[in-house]
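A.B. asks: Before we start, here is the structure in question, set down as structure tokens.
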Amino acid sequence: SVIELGKMIVQLTNKTPASYVSYGCFCGGGDRGKPKDATDRCCFVHSCCYDTLPDCSPKTDQYKYKWENGEIICENSTSCKKRICECDKAVAICLRENLKTYNKKYKIYPNILCRGEPDKC
């Protein structure tokens, strides 16, 4: 769920989840146009990951994970929860790897400015 995702973001980036709400064209919803930078592309890929889970509820299904030696370990009994956790883990890692591309001008970015054909997942 968004709760676990938020915790992962804090643990891996030391940024608050609010830093990514309405960031660019894909972080925190919107999902249109082209990603603005590598950080926004992380969210695009995350959205694509969620698209592969049509029978799951990634925003509301809570799951369990461990934080061990600076690493996220997904531990769930159900397939849906494990896959949601893996999607969230991947975006948190991606955001950490692309912290240098984070640009404040894309925070609370107007969705109307997100134009162009979206990339394919």
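Just so you know, glycine gets a Cβ as well, placed from its N, Cα and C.
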A.B. asks: Tell me, from Cys85, Cys87, Cys94, which cysteine Swiss-Prot puts in a disulphide with Cys49.
C.D. replies: Cys87
A.B. asks: Scan Cys27, Cys48, Cys56 and flag the one Swiss-Prot records as disulfide-linked to Cys43.
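C.D. replies: Answer per the record: Cys27.
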A.B. asks: Just confirming the record: what cysteine out of Cys94, Cys114 does Swiss-Prot connect to Cys25 via a disulfide?
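C.D. replies: Swiss-Prot annotates a disulfide bond between Cys25 and Cys114.
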A.B. asks: What is the disulfide partner of Cys80 among Cys48, Cys56, Cys74, Cys94, as given in Swiss-Prot?
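C.D. replies: So the cysteine paired with Cys80 in Swiss-Prot is Cys56.
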A.B. asks: What range among 91-103, 104-116 does Swiss-Prot describe as region 'Important for membrane-damaging activities in eukaryotes and bacteria'?
C.D. replies: 104-116
A.B. asks: Ten-angstrom check, please: count other Cβ atoms within 10 Å of the Cβ of Cys87 (disulfide bond), all chains counted.
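C.D. replies: By my count, 23.
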A.B. asks: If one looks at the chain holding Cys80 (disulfide bond), which residues at least 6 apart in sequence have a CB under 8 angstroms from its CB?
C.D. replies: Leu53, Asp55, Cys56, Ser57, Asp61
